[in-house]
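Listed features, source TrEMBL:
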REGION    1-32  region 'Disordered'
DOMAIN    24-132  domain 'Ig-like'
DOMAIN    222-317  domain 'Ig-like'
DOMAIN    508-601  domain 'Ig-like'
DOMAIN    611-707  domain 'Fibronectin type-III'
DOMAIN    709-804  domain 'Fibronectin type-III'
DOMAIN    808-896  domain 'Ig-like'
DOMAIN    905-1000  domain 'Fibronectin type-III'
DOMAIN    1018-1106  domain 'Ig-like'
Amino acid sequence: MPEPVPADAPHADGAGSEADEDEPGSTQLSGLFVEKPPSNVVVVSGADITFVAKVDSSSLQRKPTMKWLKGKWLDLGSKAGKHLQFKETYDRNTKIYTYEMKMIKVVPGDAGGYRCEVSAKDVCDSSTFEISVEAAHQDDQADILSAFKRADAGEDEGELDFSALLKAAKKKKKPEKEEPEIDVWELLKSAHPSEYEKIAFKYGITDLRGMLKRLKKMKVEPKHSEAFLNKLESCYTVEKGKKIVLSCEVLDPNVQVKWLKNGQEIKPSAKYVMEANGNIRTLTINKTTLADDAAYECVVGEDKCSTEVYVKEPPVTITKLMDDYHVVVGERVEFEIEVSEEGAHVMWFFEDQELHKDKESTKYRFKKDGKKHTFIIQEATLDDAGMYHAWTNGGHTKGELEVEEKELEVLQDIADLTVKATDQAVFKCEVSDEKVTGKWFKDGVEVLPSDRIKMTHVGRFHRLVIDDVKPGDAGDYTFVPDGYALSLSAKLNFLEIKIDYVPRQDPPKIHLDTTGNMVSQNTIIVVAGNKLRLDVEITGEPAPTVVWSKGDQPITENEGRVRVESRKDLSCFVIEGAERSDEGNYTICVTNPAGEDKAVLFIKIVDVPDPPENIKCMGVGEDCATIVWDPPKFDGGAPVKGYLMERKKKGSSRWTKLNFDVYESTTYEAKRMIEGIFYEMRVFAVNSIGLSQPSLNSKPFMPIAPTSEPTRLTVHDVTDSTCSLKWLAPEKIGAGGLDGYVIEYCKEGDTEWVVANKDLCEKQGFVVRGLPVGEKINFRVVAVNIAGRSLPAILSQPVTIREIVEHPKIRLPRDLRTKYIRKVGDKINLTIPFQGKPHPVATWFKDGQPIDPKMVNVRNTNVDSIFFIRSAEREHSGTYEMVLKIENMEDRASINIRVIEKPGPPQNVRVTDVWGFNAALEWDPPKDDGNSEITGYTIQKADMKTKEWFTVYDHNRRPNCTVSDLIMGNEYQFRVYSENLCGLSEEPRLSKNTAVIPKTGLEHKPNPYKEMDMACAPKFTQPLVDRSVVAGYSTAISCAVKGFPKPKIVWMKNKMIIGEDPKYLMQNNQGVLTLNIRKPSTFDGGKYSCMAVNDLGKDEVECKLDVRVATDPDKK
């Protein structure tokens, strides 16, 4: 789009007018702005500033488009974010659009020339303004009271705002020497190009490329180009992903050009398309990317023209905004957004601090998946609460994270203790989270461990143990869990007892409590995994010594899983997490000088049973299976109540419960399964304690059912010792398939079935042999597959084993009852079925004589006879008779076979009469009719001049005919073909004489005719054309000539006649002359001429052939 600049607009650096001179001004300024930003703005570094532009849309048909630009091309819309913010509002009453650009915390790099540009269809307007950035005042001591004024001023302007003074105090630095003002343009002019980036960074230049472009124009004066008529535009701009065309016009239309990008030659490809159309040279860049933002040159010899291509990156917008999260400490948090383009850069901020991926810490994770961006906090803490932001160059979103402390449940609180001197004090509490740690405090001071004070943390239990309690240990004790606003407190009271010493001795005594866990006297049952704490009261003076032992091994540990805790008058035996190995007899022995006492306790550990063993499938059905197993080796100390079963399909991980009530037996029939699917089973044992671990999976098994019984069992044949049976397959076979059949028989009245076949019969028929003559036998057939035998198919009545005599009978097919006709060379294959019992004997005869086996092949079976001739000949014709005999009974059938071929030609064809335009023909039948009746004749005629034959009659049945419509003055000859069922005869018979149709006195008087003189001297109608070709590529030159008589053609090179050189191929096609030159070299260049000569004269044309060497662009 054109970029108009108002005449009175100030230029930031004096070079803007030069940069804009090359821009075409096709659209005029229309004065759309109602309010423009001020032309010059001075702002203090670190402050915020807002620019406002208003546009009147009352005369516009479409909504206007506003762009904020820095320099000439930098579109600030793509830089929207935390530093630059844009706002658009619309007043419906006044139809005025208000556009705002706000800069947050201006930096020195923001200084420079800016432009706001509004466009709507064919009208546009723009306004330029300059921003100058000054450093913040470091020591403003002149008006110190102004620093104390309130920031919001207003009516309370006189009140003081000390925060401003504090901020000012923080910013005070040592006074710096004032440096003279430096002209950046003069600095860039004198600097080396390698210093440009350093200068831009030092002086805050953001549009360095635009400044260098203008600097180049200031340095270099344009000079006249001899190679270019129109050079490239000074610069081009294109949006990312779009196509751009760079075009220039050269002086020579045949000149070769090179295109360079940043000084590197561009090779043609799908992205870079180079075209030459006359004098126009174009470079098309498809699907531009940011990498295409560069300087381009078009080079012709030593001359060149250059341009700059600026690629605008469209702003990346946020399509899915960030959600708020409310979590507790330790939970995972995932902030997720979606942007408009894949691969976009997203910045994440926590409050005002940018978040980066830290290799040393795994707390934060950043994840990209296409357009989806995710920020992950692995374990949230209270410090993570706050506002999180995601920024792109075209959008911003935020989400709030609220983190709450976990609720910690107190399962057992600390109890107050009152202890005597030298006793042990134990504070114990239990919380819901095993991972929670904490600290102990006494009267607000943290308790530290020592030889006398010990702190332990086992699972959910926290203990503080104080040995040898002293008066100074009394006080308030508090346990504070880490990370929770919670505390547990209890008081330790010191009991000081003064007793006058009276020597006394009492024998020790063990006082066992037989209630609670005692199931019988001195027997305690403990569930495995549970805790056993046995408190035994002991009396005696002086205090007796207590010894616990298991068997002969004393238990002395006071810490650990199995331990003994001693208190005054009390001995505690503790087992944490009871195991099977803890079962046995335990002895407690107490002694003092006055005596001894013992007690024996039996601790029984009960547990869930071991899993069942040896899971097997003993049988299957169509949808069921029988499963058996062995009881577990160890019942867990309690009787097994029963079992629970589960099954699953093989390869699956999903188990299905088969019973919810305990099943007592070790044999189970699983039902409702799918036939043909492999299953696995497992079993759990159940006792009063609980459920065992699952057993090992059974071997895979498949529910399969036997097939249904075979169908339609019938007797096919019976002899004196055999019976032939036939049947059909079962209607239902199932997934187990069908392996075969078993045939069984038994005598009538007997119940013992005899198997007739050793191996399974796979066919649906079987001959039972070795049967007694005259006995009545019952038969049955059983289908067998992997699941077993099916139900039997039984004959309804017994079969008497006796030969049945049946008269022989030939069943001659209907098509053989009449004459059987075949052509010579055809194959004859006849199958004649017959019947009779016992098996009859078939014999063939021809014309009353036995057939010759060399001429005819015959093969007989029990039910038919096959008559076969491989290649029929005429001598095979005749009457064949088949005789079928059984002892003194017989049956006969005759077949008349005729082998035919094409007939011979007719005999004695002659013209018997000619009258008018007609001729009468007669002939005799052929000597050889091909062993078939003649069905007709085909008559043809031919004019003796042309000798071309034309059919007159087809299928003429008589041996004579009359040919009409003959032409007067012509002489005709005739020929005749004979025809039978095989077709026309191979050769015709010509008539012995001809038929002449005489003229009837007509005389032809031809018109006088003068032949036109076509003679002319040679003349070229199309001359040769000069050509320029590339060496090594075959070429051709052509021209056209006319002349009569046909002229002689002579080709010459440089006036020398070209002979029979294989390099040249000369062609003449209807007067079009072509000289083909095969792979010419530079020596083949020169003047070529073509000369045409005949008796009336000659003509000559010539052309110039230029052969140039192909140039390799890579070598240039």
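Cβ atoms are placed via backbone N, Cα and C, with glycine included.
Heads up, TrEMBL stuff is auto-annotated, nobody curated it.
Because the structure is a prediction, the values reported are computed rather than measured.
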Mean predicted confidence [pLDDT] for the domain 'Fibronectin type-III' (611-707): 89
Residues in the domain 'Ig-like' (1018-1106) grouped by DSSP into helix, strand and remaining coil: 3 helix, 58 strand, 28 coil
DSSP residue counts for the domain 'Ig-like' (508-601), split into helix, strand and coil: 3 helix, 59 strand, 32 coil
Composition by DSSP (helix, strand, coil) of residues within the domain 'Ig-like' (222-317): 3 helix, 50 strand, 43 coil
Counts by DSSP class (helix H/G/I, strand E/B, coil) across the domain 'Fibronectin type-III' (709-804): 0 helix, 45 strand, 51 coil
